[in-house]
Amino acid sequence: MSNSAMSVVILAAGKGTRMYSDLPKVLHKLAGKPMVQHVIDAAMTTGAQHVHLVYGHGGDLLKHELTDPALNWVLQAEQLGTGHAMQQAAPYFADDEDILMLYGDVPLISSQTLGRLRQTKPQGGIGLLTVKLDDPTGYGRIVRENGAVVGIVEHKDASEEQRQINEINTGILIANGKDLKRWLSQLNNNNAQGEFYITDIIAMAAEEGQRVEAVHPERLSEVEGVNNRLQLSALERVYQREQADRLLLAGVMLLDPARFDLRGELTHGRDVVIDVNVVVEGNVKLGNRVKIGAGCVIKNSIIGDDCEISPYSVLEDAVLDAECTVGPFARLRPGSELAEGAHVGNFVELKKARLGKGSKAGHLSYLGDADIGSGVNIGAGTITCNYDGANKHKTVIGDDVFVGSDSQLVAPVSVANGATIGAGTTVTHDVAENELVVGRVKQRHISGWQRPVKKK
């Protein structure tokens, strides 16, 4: 076991040719965030003093996406192997610290496995993460003598006897900084690939009499890499099933775990029910007895106790108090707030709007930049006209207001408590308390009207 301080190196310089994309491979997303961000997050949980990111292709894109100031960016101008990548980072290694080596395209490595690897590393020597495969073709084999790890041989360089070994190298290892710098300086590229292999340091350590201790991950998926979109989609399904299983065991009822996507963090109360094809993004909090209908997208939102979100509704940066109902086919955009018992119905859109206690907007309305009191009825087709072509303006509606269907409120405008807006009215001036406002075109009756007929 090593008690030394530790830094992490993440190799992320590969182009990812088999992704057939202009995006660097490690920026392709798994569960809504770049693969390499998953690795960075795992690294940050290890207590690492420094995280060195070795990059090459698409450096500008990487730096634009990964903005954590704790990252130390290390350029690998030419991709000449894993050993060469580590050589670029070596000047940053302290002699008295351990160096943990990770890969930006191995996104599901867990902090628990990394913790066990760190605990396994001997005071002098190397801790190595390995797995056993039924078909190890293409992978570097772990060579042992009398049970002790003495080397790693790459598949292309392996003899027929060595190719029968089913214990393979994952590439993830931990070693002392001083030792690692010495071994890296001794690497050569005398192999079939003409590259500098980091794996050659295992034999160097064994020749020096230093121990190499191997540990296995809890799950094979933790060490599976991504080289193409098929592999990425497979790991996406693995990850999503793991999240679904965790939520089920915690008491969330997922009606079909295979059709649920979590792309962030979900906290929840008791007896939550989530229907099929729901996507949860960012940080979402669900209270007790919340029901989410099929096909909903919930992003960075807080939903209170006993709320029901009907199918195909989209909520982003919204806050709902208890007993609210939303949808179906409703959209709550950033800044939407619903007080207790409020209702937003089908084809209603809110943006920077607050709907007071017990207020209802049942159908076909747009409420933007609006503060709406309690007990308000918003009729079908109501629009708060908040944009004048250059600036946004606010609509304020008091308590117990009735807004008739097909009304327009041209902001900035205020409607006081108890007022009534007749159907089809365009409100351009403030409305006083308990007033009735009607502003529609006078109805005409034309007797004997003949409808037009189609020309032959």
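Glycine is no exception: its Cβ is also placed from the backbone N, Cα and C atoms.
For 1-229, the entry in Swiss-Prot reads region 'Pyrophosphorylase', with the evidence type sequence analysis.
All protein chains included, ASP105 (Mg(2+) binding site) registers 23 other Cβ atoms within 10 Å of its own Cβ. According to DSSP, ASP105 (Mg(2+) binding site) is assigned to coil rather than to any helix or strand. The feature UDP-N-acetyl-alpha-D-glucosamine binding site is assigned by Swiss-Prot to 11-14, LYS25, GLN76, 81-82, 103-105, GLY140, GLU154, ASN169, ASN227, ARG333, LYS351, TYR366, ASN377.
Long-range Cβ proximity for ASN227 (Mg(2+) binding site), meaning a same-chain Cβ under 8 A and a gap of 6 or more residues, is found for GLY16, ARG18, MET19, LYS25, ASP105. Per Swiss-Prot, the feature Mg(2+) binding site maps to ASP105, ASN227.
DSSP states for the region 'Linker' (230-250), grouped as helix (H, G, I), strand (E, B) and coil, give 20 helix, 0 strand, 1 coil. For 230-250, the entry in Swiss-Prot reads region 'Linker', with the evidence type sequence analysis.
Residues annotated as region 'N-acetyltransferase' in Swiss-Prot, with sequence analysis given as evidence: 251-456.
Look at Swiss-Prot and you will find HIS363 tagged as active site, proton acceptor, backed by sequence analysis. Taking Cβ-Cβ distances under 8 Å and a sequence gap of 6 or more within the same chain, the neighbours of HIS363 (active site, proton acceptor) are GLY345, ASN346, PHE347, VAL348, ALA380, GLY381.
What Swiss-Prot lists as acetyl-CoA binding site is ALA380, ASN386, TYR387, SER405, ALA423, ARG440, and the listing cites sequence analysis. Secondary structure at ALA380 (acetyl-CoA binding site), as computed by DSSP, is coil.
Of all the binding-site residues listed (LEU11, ALA380, ALA423), ALA423 has the fewest other CB atoms within 10 A of its CB.
In the predicted model, the region 'Linker' (230-250) has a mean pLDDT of 98. Residues 19, 28, 30-31, 35, 107-108, 221, 224, 257-258, 260-262, 266, 268 of the same chain, all 6+ positions outside the region 'Linker' (230-250), place their C-beta atoms under 8 angstroms from a C-beta of that stretch. Minimal Cβ crowding within 10 Å, among the binding-site residues GLY14, ARG333, ASN377, SER405, ARG440, is found at ARG440. The two recorded residues GLU154 (UDP-N-acetyl-alpha-D-glucosamine binding site) and ASN386 (acetyl-CoA binding site) have their Cα atoms spaced 65 Å from each other.
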